[in-house]
Structures are given as C-alpha cells and as structure tokens.
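Summarising the annotation, TrEMBL assigns region 'Disordered' to 1-40, 94-117. According to TrEMBL, the compositional bias 'Basic residues' annotation covers 1-11. Residues annotated as compositional bias 'Pro residues' in TrEMBL: 98-115. What TrEMBL records for 102-211, 220-322, 323-428, 434-537, 538-641, 642-744, 748-865 is domain 'Cadherin'. According to TrEMBL, the feature transmembrane segment maps to 892-915.
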Amino acid sequence: MRGRRGARRSRALAQSGRPAPWHPRPDMGRLGRPGSCSTSRRRNLPPLLLCLLFVGPFHCLASYSRATELLYSLNEGLPAGVLIGSLAEDLRLAPRAPGRPDPQPPQRAPQPGPPLSFSLASRGLSGQYVTLDNRSGELHTSAREIDREALCLEGGGGGGAAGGDSISIASSPSPDSCLLLLDVLVLPQEYFRFVKVKIAIRDVNDNAPRFPVSQILVWVPENAPVNTRLAIEHPAMDPDVGTNGVQTYRLLDYHRMFTLDVEENENGERTPYLIVMGLLDRETQDQYVSIIIAEDGGSPPLLGSATLTIGISDINDNCPLFADSQINVTVYGNATVGTPIAAVQAVDRDLGTNAQITYSYSQKVPQASKDLFHLDETTGVITLSSKIGGSVLQTHRLTILANGPGCIPAVITAMVSIIRVTFRPPEIVPRYIANEVDGIVYLKELEPVNTPVAFFTIRDPEGKYKVNCHLDGEGPFRLSPYKPYSNEYLLETTKLMDYELQQFYEVAVVAWNSEGFHVKKIIKVQLLDDNDNAPVFLQPLIELTIEENNAPHAFLTKLYATDADSGERGQVSYFLGHDAPSYFSLDSVTGILTVSTPLDREEKEKYRYTVRAVDCGKPPRESLATVALTVLDKNDNSPRFINKDFSFFVPENFPGYGEIGVISVTDADAGRNGWVALSVLNQSDIFVIDTGKGMLRAKVSLDREQQSSYTLWVEAVDGGEPALSSTTKITILLLDINDNPPLVLFPQSNMSYLLVLPSTLPGSPVTEVYAVDKDTGMNAVIAYSIIGRRGPRPESFRIDPKTGNITLEEALLQTDYGLHRLLVKVSDHGYPEPLYSTVMVNLFVNDTVSNESYIESLLRKEPDINIEEKEPQISIEPTHRKVESVSCMPTLVALSVISLGSITLVTGMGIYICLRRRKKHPREDESLEVQIPLKGKIDLYMRERKPMDISNI
C-alpha cells in the first residue's frame, strides 16, 4: 500500500508576518511557519491572544515569546530519517542553512553562549513517529512508518492536552487533515521556549477502493420503466480522502440494458445508482451478472471491484394457457367408481403465487355432469365419482376453466363419451399364495425359480362364452393352466430376481371371451431386499502418500464403499484390519482415515494394511481393501558422520593428492535430501576432500618437522531446501620418517679446539659433543662414538655413547702434549637405515696457548685418520632434547668462571644455538658444517673458523 509513497525530503519554511489561510503544499516539505500576527506587537501578549482567536487553530505562531507554535506538513508513509524541519532555524535561534530564505531577520545578532538543547516535554503516541535531535533541533521521521488512515481514521483522537501530545483531527487546518502534536522545550534559560509543534499528515493514494461485500444483489421488477434509478447498496469505501477517495463507478458489462450514475450528497459521499435503459422480461432473462468497478482519483487511480448481480423480480404478467382447446375421453359403462378418466393441465410462465392455477367447471356444465365426474381443483384430474346408470347421458361436455390471479380464465373442453355394456364381462378371481397387502404382492429377491405367486380363477358369469386368458406385461413371471382344472391358472416366477436390478414389477392377467370382450387384473409385485451384496470398495488397492513429520490426526483419505442392498443392509461401516498399526484411525461412519502421530520416514517408509467395509445385514457381509501408504521424505535429518571425530596417521613426506582416509557420512533422508557434499572449512589450501568418495587428500607433501599434526573441520551439507549441515573434527597425525640426520650443535666447527690442561684428573669430563635430531621416537635416539683418532695418545679420551661427554681415561704424560684429534660419529637409530653426522673434536694438551697461529696451522693440515667402524653399545630410548635458551646458561656460567676472555665468544655460541632452534636452514648448509665423509681422506678445510680456547667443562 506504500508503493507510491514518495521519499522526498520534508522541509519547513517560515511564513510571513501576515496570517494567511492554511494550504497544504504539493511537495512533502513543511507548511510555512507563521510568524507573529504583528511584528510591532511581538511581545504584547493580549494582541497575540486576539491574533490567535482570529487566526484559529489552523495557523501556527512562531513569535519570540515564551510560547511558540510551529506547523509542518509531510506525506504519510515516508521512510525513517526524512527531515521534517529544524526548530532552531525556524525559531531563529540559529543561522539558517545556505539557500534557505528568512522572511524575518532576527531582532538582534546571536551572542555566543551555552549550546541549545531541545527535548520533548513528554513522549506519547506522536513521539513514536518522529525523532528530535537534542542539539540541532531537527525533527526527522522515525523508523515507525506513519499511516494516516491508521492514525486518524482508527486511532485518532481529539486535541492534545497541555503538556502532552496526541493525534488530532479537530484542530487541523482542514477537515481531511490529521495532526501529530508535540510539545518541545528549548533550553537553556536564555533561549527558553515552550514550542507546540503540529505536524499535518497529508494523505497519499495508498488505498484502493474496497467494497464491503464481494457479491452485490440488486432486484429490479421486470415492469420497471426506462430510466428507473435504483441505489446500489454497499458502496465502495476508501480510507483515503479528497480526490484520493472514490470518485466514480462503472460496469464491466452493461448488457445494453443498464447504465450507472453517481450522486454525491452534502457530506461528499458518492453513491452509485443503477439506471434501467431497456425493457425487461423475467421470462426471457431472469438475471444479469456484471462487475462493478470503483475508481479513486489518485494518480495513477486505484480500482476495486465486486460482482453485481441484477435479479429481475417477477410480476403477474402471464396467464394460464392450455396446450389444446378440447380433449376426447371414452368411458365404459361398467367403469369402477374412482377411476381417473382424464386430466387437464394449464401452464403459467410466472413464478410463485403469480403462477398458482386452480381448475373449476364452467357454469355452463350441467349439475348432473358435475355429480358424475369430479374435477380436482388443484391437479385437474377428472375421476368417476358415481356408478354409471342406465339413464345417464352418453355424451357429456365438460367446460373446464384454469384460473390464475388477476387473469381471464383459460378454457378447455373435455368431451366424455360413455360406452354402454349390455353383457357381463369375464371375471378374474385371484387367490394369492405369496404375501399380499393392499393389492401388492411381496416377494423376496432370493426366492427360487418357479416360486408360486397366485392362483387365478377365470370364468364367464353367464356361462355361455368360452373364456381365455394370458399374462400381459414384462417380468420374470409365467401364467400357465393348472391342470386338471380348466379354469384355474397359476402365476409363478421363471428366474431368479435381483432387487438391485429391479425392485418393482407390474403385470396384468387379461381374460377375454369369444365375443371379444376382455377384462384385466393388474398384479403389482414388490421385491423385498436381502443382504446378498457385500460392500465394494472403489479401489481394492488404496495408494496414499503423506509427508513425514505430519501434524497429529492428519487426514489421509476418505474411504468409500458401496453396497447395492437397501436399508440397513446397504449401510456400510468401516474398520481397520488387524494388521493396521495402532496409530492409524478410521471413522466407522464417515470412512475418514487419519494418522494420530507424526510419521518418520527414516523409521518406516511404507505401511501396508487392510481395511474392512461391513454392512448392517444379518448376517453382515464385508469386503477388504489394502491401504498402501508411502511416507514422503522431508529434509529433517542433518548429515551424520559415522564417528564423532576422525583421526588419521600419515607418514610424513606423504605425496601430494595421496589418499589419507575416507570420511564416512550418512544422511537418513532420501533423494536430494540425502545427497551429501563434503568440504574442508579450514586449511583448504592444504587439504581437499573428494565429495563422491569422501576421500581426504593432501594437496602438498607433508613434513612432520614443519608441523606434526593438523586439525581440520569438515562440513557435510545435504541437498535439501533449506539445506542442513553438520561438522566433524579430523585430526591428522604425521608419523615420523627418519629423514633428518643428527645435527651437531657443539662443537660448532671442525676447526675449533679445546685446551686440556695436563693436570686434568682421569675420569674428568673434558668436553662434550652435543647434537639434536628433528625426528622423533627411535629416529631421534642419538648415539655417539669415536671412529677416528690422531695425536700423541688419542686413546686417552673416550666418549659416552649416550650423553656425548668426552672424558679423560688416563693421566696425561709429558709425551701427551700436543694436538689430539677425535673424529666423532653422531648416529640415530632410524629405520630402515640410520642417519649420521660426523664432527672433528680437537683437544690441545698444554699448559697454555702461547701460539695460536701454530695451532691453526695444525688444524689446517689434513689429518690421516683411520676410520673405526665400531658402533656404540647403549640402551636405546628417545633422547630428543630440545634446545632452549635455558640450556645454555650452565655452559655460560662455567665458561665465565674459567676464562673471562671467552665470555663473549660463548655468549655468541648460545645465541647461535637458540637461533638455530627456531630457524630451519637448508640441509646442505648443515652438512657443510657438521658432516665429514667417512671414506677417503678427511677434509679439514671445508669451513674455517677462528679457534676457540675452551677449558674443561
């Protein structure tokens, strides 16, 4: 309804000082703010009150007194945030925005002072539709949309009370306007104002005309003259006002018989009138149906419609008529009293009481004829009312009148001829064997063939004529002579009778004599129904479908079975078979099949059970039908992973796009609802999952040393609408492969050396070889061994295979002075083949280091060392030692005690060890630093380092 509402910005412009009538502007801006009634008397209160009395409630006052009134206007249905007006500008408490005219300049220049504050005196209904900026004084529309019709036509009230706000119609500038009233306080005291703000809500064409009823019936008498005017009740209503209200009416089809006119009363209400433009005849057409359309004056106009049925009421403009003017009737002189001899019928095309016809004899009919023949005044049936005597006239002329209300009677003549009978006709004397009541014989439908019905005695009263007889009429009966008697006849059945095929038979026993005179006896046979038919379902297999999660007592179908029997024998009751689940219900009378509980397709998809249709016969008969119910799937099950979480163990260096494992997920739903798509939520740049097989793969080769485990979240989304999903946690643990040789951290270089004092006691630790292995488990178990020695007596030193500590085995002699070189092999216990590194440990036995260049020259010489392939014997257990900054502290403390000169160098070594722990260098660089080939000669010049002075640790 708000589709055509504009969203233009509402603004307020100040009025001139002279009061003027209130006129709504075509845009959605504000109405002008009236100024004071007289600029020379702005501060004179009595003239101000007089001015208010003359101007009336439809003008707003914006003087500079303590009480001020402002009037704005805006269209209904504007969105939130539309500017209605600025109180600060319109009260001239702040400079006007550029481009906005100021009809009256302020009396004095504004002086700098405290900031203005605007607030609503109270928050009522009006305050819900606007927002007031406390600093700028700007009024904007709020998030609650203004609906003029809801406010003023339904919830409108009188003017607001003092100190409050309301919605007002009475105080608006025009009867069609609607006002929101606000009381605003302006502070501080220097600028104090009590401002009454009126916001006029302008109507927009957002409501289409609507008839109160969808079917309108107007009755027009068929004799209505041309130009007859009939008011159409239930005119269309439009909550909009003015030109947006209902303006005109028209018919979709005038049928060339009608037109419409619209009259407007003094209140402005428009009523449509139906005008007859042609002659009407109910007997030709009794009603006209068209669509009446109401149109408002909006741009574009909105329409409303209803069905208009114009009924043509009947008047008595037709009289009874006979189809013939005369009928001829023949009556035998021996006719039985009460026998109908003729019937007359007239037709009147009118309706109701206008078509009531009564029949009577004309006054010209002799009284003797009236006494002999009775005329039913309602049905027009003529019956023989008395026995025909010998003196009765042979011809009777019966003039019959058909009388209608306000009509000249229609006339028909019945010529009745009486045929005299001068002999006695044959006689038929029945003697019933079957049950007979009031001339009707009752037989059961299951009576066997040749069931006797009655005996008939045929005789001639005068005894001089031969009498014959036969059976006339159709039916399963036979009339045959009953021997040895010559005038006895037996009526019996010839075949089985079926009540469902035919319930009533009428045959006649006809007897005639040799003179050609005959007589007949009518035999009426009524069959009695037996319960010989079982109920029959329309379909032996009733196939039904229902969506799962149905509402309790949901309707499934209505069973219907027919029973050809009559009465109670044909009344069918419905029952569930013994194989039907207990939560299915079947109404025994109506046959309505329901299910009392919600069904779950995942629990059971198909139901198959029997239903019974039982009649009320004795004994009852029944038939069975099978109900096949299929529960249709709804997407009510999220995908379910077979495990709460998954764990996979993958060897490191696993090839890219190799199969890690299968993520098994199921969805109990069917069809598209059961289709499941898998996706990796995190680390999708490394892992990918095959939706079809659920196979998890790694896009890249995985390195345990970079990251030992991965935690993934995999989402499974089904194909339902809306889709359901579930997630699972996948942990991938990388199994270590022996792909990293031990890394020697100390000594740092093959060119470094350590000073060993000759006074060192045997068993004292001299130095150590410290190495780490980035692998884990057995791949990180490190063993140390000396595989090559060179020096005066290098066998004086041994290395602990487990810790790498090098100790002095024997006391040093004078001959042991000099450089001892030990080639240490650092090997892991990896499988299938251990990896190793080598390092040269240089020990200089002497009291002091007096000539470093000499030692360096010895180090640069290529040593001739024989390789000893002897593996160390140690207990194997993981010794993956982590290098931390704390492990460097004992070394630094010991070195600082021994030699102050080596503090700087040792500190650098500690920093280097810590950095190497956090930063991975290429393996080639590591090999250049710590590995010495075991075959061939040892290259001591692979990397040169400045020799270090290290005493015993």
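Think of each number as a place in line: the chain as shown, counted from 1.
Placed from the backbone N, Cα and C atoms, the Cβ positions cover glycine too.
Simply put, out of 220-322, 323-428, 642-744, 748-865, 323-428 has the most Cβ pairs sitting under 8 Å from the domain 'Cadherin' (434-537). For the domain 'Cadherin' (434-537), the predicted model reports an average pLDDT of 87. Shown for the domain 'Cadherin' (538-641): DSSP residue counts in helix, strand and coil, namely 4 helix, 49 strand, 51 coil. DSSP assignment over the domain 'Cadherin' (434-537) gives 0 helix, 56 strand, 48 coil.
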